[in-house]
Amino acid sequence: MQKLHREICGPVGLVPTMGYLHEGHLSLIRASKKQDLNTVASIFVNPTQFGPHEDFKKYPRDEKRDMAMLENAGVDYVFAPSVEEMYPPGFDSWVEPGVLQERLEGAVRPGHFRGVCTVVAKLFTIICPAKAYFGQKDYQQYLIIKKMASDLNLDVSVEMLPIVRESDGLALSSRNTYLSASERKAALVLYRSLLTAKSLFAAKEYNPEIIRRKMTEEIQRESLAEIDYVSLSDQDTLGEADKVSIKTIALVAARFGKTRLIDNMFLA
């Protein structure tokens, strides 16, 4: 792939994925192509970002389907390495993020962002993109990768695009395929809780305790939902907000049966 990069004329746009693509991924590809970049999509289910009791083995995979979608989307190149290629025997060098990983997903999934940063740093090194595209749904991941690129002087612009949702508001996720019909219906409560926060802020409610409580109560009304966290965080630091403002982002995570989903929304 590094040899191939030297043969590509012009800057590269990278869309890193774990496969089982959906419209959210395709929106990232369209953003890259709109900027006249040679667009590379990577497909790699990264084992090092999964915990020992998480869903690495059952994570949905369908390479034939993904390749057809990428071809239809006009992707110029696909990088789909094996685990052995990315982590050869004896591999023992890691990118460890700092304080941005300590809350939210990092607290619930220890070691997750070390795996994410390591694999993304390797992708940046292999593919040498001018721009890399990530979705807002994984907002903490986006901030951490952007910080990593800046701290390590990686010559890549890390871009974020808005969450793509189903018509009823459910954020698109490859893991949605795990949901039963009743769990999928229940999962809409995450979106409703975020709308509750946004509505309260629009009505000039700036007390984070009140907004968090209302969000939590909304989710708790759904019997199939098991809350991991409800947060009102600073958009830049991810510190919990003392007062809600235009710089606040609401983030939620919950489990529906065996499926864990996350979502977020800017309040302004």
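Glycine is no exception: its Cβ is also placed from the backbone N, Cα and C atoms.
Swiss-Prot lists 18-25, 135-138, VAL164, 172-175 with the feature ATP binding site, giving sequence analysis as the kind of evidence. Per Swiss-Prot, active site, proton donor is recorded for HIS25, and the stated evidence type is sequence analysis. Taken from Swiss-Prot, the feature beta-alanine binding site applies to GLN49. The annotation (R)-pantoate binding site is assigned in Swiss-Prot to GLN49, GLN141 on the grounds of sequence analysis.
Features recorded in Swiss-Prot, as mapped to the structure shown.
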| residue | record | contacts (Cβ under 8 Å, 6+ apart) |
| --- | --- | --- |
| MET18 | ATP binding site | ILE43, PHE44, VAL45, ASN46, TYR59, SER174 |
| LEU21 | ATP binding site | ARG65, ASP66, MET69, LEU70, SER174 |
| GLY24 | ATP binding site | GLY135, LYS137, ILE163, VAL164, LEU172, SER173 |
| HIS25 | active site, proton donor | VAL15, THR17, ALA41, GLY135 |
| GLN49 | beta-alanine binding site | GLY111, HIS112, PHE113, ARG114, GLY115, VAL116, VAL119 |
| GLN136 | ATP binding site | TYR142, MET160, LEU161, PRO162, ILE163, ASN264 |
| GLN141 | (R)-pantoate binding site | GLU105, PHE113, VAL116, PHE134 |
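According to its DSSP assignment, HIS25 (active site, proton donor) is helical.
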